[in-house]
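Below is one structure, written out as structure tokens; comments come after it.
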Amino acid sequence: MQLQKPELLRAVPAWRVLRNFGRVLRDSSVNSRKLRALFLLSAKVPFIKEFWSHSWHGRQSMKIWLLLMLKNGLPAVCVGTFAAFLAAGLSYLEILPGWYKAPRIQSPGFSGEFRYSCWALFSGVVASLLTLLLWRSGDRVFLDRVCIHQGDDVLKAQAILHLGAFLKSSKTLVVVWDATYLSRLWCVFELAAFLHSHKDDVQAKLVIKPIVVAPLMFIMMTGGVLSFAFELILPSNGLVLIVQAVYTLGLSLLATYVQEHFWHEVFTAEQQFRAFRWQEVTCACCSTGHLTADGQRILCDRVILEQCIVQWFGSVEALEALVRTSTRDTFLQQATRGFPFGYLWLLGGGSFILWGQADHVAARAHGGAHWHATSVLITTVAWFLWVSPSAYLVFGRIARWMQKKQGAKLSAPSYCTVKFAGYSASVVSTFLPSLWQWWLYSTLLDPVLAALAFAGTSLVFAILAYGLFANPQTQRNPSG
Ligand SMILES: [Zn+2]
């Protein structure tokens, strides 16, 4: 795995891959001028910050969204939140227009209407979306299509022979995971080579992001933003409350459905790992019969890679044993431990809470209800930092339980019972925090006291939920 030709080690700034909604990833043309232009996007580097490992057979648009979130997600949340707070300030100062309506929970000592608007929510969405699409992350990443010259056979063969060394020179391996990942020769090779070359390196990072995270984040964001928009724009009457409840119900069912899909992929991957055989993984060269478009014979990738594997692992069987055991464990632990998709990702996906609540704070503060505005600030912190993430933790575990039961080949009535129980549990966990908050506000009367009680009790619940559901040890052997 030594890098004999350092000039072969190349990387590309992430923004060059992601600009124009990842055109480099979407464009599948093979004319030689274009291939050279692609190669010239990359440059020589002393090491690779991130090696992007992905299957070209997965869904491209989802992959691009995921990579955009990975590289630009943090700036997007920060810029969006800054824009939202700025807009809330301008709205408070009446520089931005607003409308008067009665709030659902009246501030003590107040009886009239407050001046509402949804500028903070709107600015947060627009600013974060633009940042997500346009931010220029300078992180040097390795992408096969750009960093290996696809139009020059000699350079390509040399680079392929050095791929193991490239992986050794990479600080992080980012696995963009979909159902096709483990069936692709190159993907398995990259994963195994990275783990093998960094087995004694505690600094090396393996980041596994399932593609299903992208639609889930999208549902989470859109659903939450619309929910806030309803609350801010529509009048606070009984009919609107019913519509909102039905809407939230639908959202909760959808979120659980997507998480079920996620767990289905995890269990499938686990089975793929257990049954992994080198001879069964496929590569593009085999599907074309090892002939180029103009009829020339090419060498099979498998033959080249097999030589590397025998050199590093001793034999193909040794690699298979590694993939079936320690690679599988690392992979599963990464994909399933802790909060679903990772705590920071849930915070990012829940950043609309900050934006929407900023509009509520601006409305109360504008009307002089500063005590109530303070209480909204307290509940915002609670919802953002632990109520929403722990709700997703609970959804995730319910979805996992349903998938596990389904894997056990149930009879039709039992299957329906499992589904009904699972979805009902999700719905209950969606409404419980809101109902609890509402009950505290209407019972305790002092809004700050109610907010503190809500924050405290929900924190205790979140810690309990984490202790019960986030333990990776219980994830190891799901009966698929
Ligand atoms: Zn082949």
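The chain as shown is numbered from 1 upward.
Heads up, the Cβ atoms here are built off N, Cα and C, so glycines get one too.
On a predicted model such as this, the values are computed, not experimentally measured, just so you know.
Feature annotation from TrEMBL assigns transmembrane segment to 73-93 (among others).
Among the features that TrEMBL reports, transmembrane segment is placed at 114-135 (among others).
Residues annotated as transmembrane segment in TrEMBL: 207-233 (among others).
Annotation comment: TrEMBL describes 239-258 (among others) as transmembrane segment.
Taken from TrEMBL, the feature transmembrane segment covers 338-356 (among others).
The transmembrane segment annotation in TrEMBL covers 376-395 (among others). Taking Cβ pairs closer than 8 Å, the transmembrane segment (376-395) reaches residues 220, 252, 255-256, 259, 339-341, 343, 346-347, 350-351, 353-354, 357, 360-361, 364, 425-426, 429-430, 433, 437, 448, 451-452, 454-455, 458-459, 461-462, 465-466, 469-470 in its own chain, all 6 or more past its ends.
Taken from TrEMBL, the feature transmembrane segment applies to 416-436 (among others).
With a threshold of 8 Å between CB atoms, the same-chain residues lying at least 6 positions outside the transmembrane segment (448-469) that come near it are 371, 374-376, 378-379, 381-382, 386-387, 389-390, 393-394, 396-397, 433, 436-437, 440-441. According to TrEMBL, the transmembrane segment annotation covers 448-469 (among others).
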For the transmembrane segment (207-233), sequence-distant contacts whose Cβ falls under 8 Å of one of its Cβ atoms, 6 or more beyond its ends: 58-59, 62-63, 65-66, 69-70, 104, 116-118, 121, 125, 172-178, 240, 243-244, 247-248, 251, 254-255, 258-259, 261-262, 265-266, 331, 334-335, 341, 345, 348-350, 352-353, 355-356, 359-360, 392
